[in-house]
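*Asks:* I have a structure here, written as structure tokens, and I will follow up with some questions on it.
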């Protein structure tokens, strides 16, 4: 019985060796060298054709795309609003006596102004006039200067280095999100409301106006030095002591081709945020 098992094992081993290489026929793994060469050539041609077809279709598709402007923009037709300084859950909380936390807010404002309002390669433009006709066919579009001093006490210039956070009257910057090709009609401006009756709101520039000279926006690649217009809102509670919690909603008004109310998108033309001021 044991001898039969040994013979069966030797036969199986011999069959495997012959399958790997058969010296009588010269076959390797059941195929001759010419058969292996033909099948490898077939797969080389087949996958080479597939790769070439894929490359060709990608090249044809890329010819239909503009390097500066997205082809499909219908899903983002109206801009939203956003505030600065940015915070988790759009809740800005600070203490007038906490210098370390206040420093982080001041650092944000300083960094923000430095990187968004440098006058390098910017030019003076005519107020309330969109620059469109002179921009056609130009590779790098003109960018208008934003006068930081128009933000009044929220500009952080001499005498207002703390942006109102040291005395409990903080400044919040509101901006409209960028959309390529957007041209607001009318006189767009931002207005904020709150259910709290004990606060005063001041807008800079006056009436929260957004100047048309900053539009249209042509995209990051073409409008390299574009500066976004800002509206600063200075919030002053009537009670200067204790803790104040204020919920505000800022909306975009004055432009008939822009929306500020959509149940499916709470940021479309508006933004809600909470402000907590502590002693």
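Just so you know, glycine gets a Cβ as well, placed from its N, Cα and C.
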*Asks:* Quick one: which of 36-56, 57-77 does Swiss-Prot have down as transmembrane segment?
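*Replies:* Within the set 36-56, 57-77, Swiss-Prot attaches transmembrane segment to 36-56.
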*Asks:* In three-state terms from DSSP, label residue 154 (disulfide bond) for me.
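*Replies:* DSSP call for residue 154 (disulfide bond): helix.
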*Asks:* Measure from the CA atom of residue 171 (disulfide bond) to the CA atom of residue 144 (disulfide bond) and give the result in Å, rounded to a whole number.
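*Replies:* With distance taken Cα to Cα, residue 171 (disulfide bond) is 24 Å from residue 144 (disulfide bond).
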*Asks:* Starting from residue 239 (N-linked glycosylation site), work out which of the disulfide-bonded residues listed here (171, 192, 250) have their Cα within 10 Å, and give them in sequence order.
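*Replies:* Qualifying among 171, 192, 250: none.
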*Asks:* Looking at the recorded positions 125, 198, 250, whose Cα is closest in space to that of residue 154 (disulfide bond)?
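*Replies:* Closest candidate to residue 154 (disulfide bond), judged by Cα separation, is 250.
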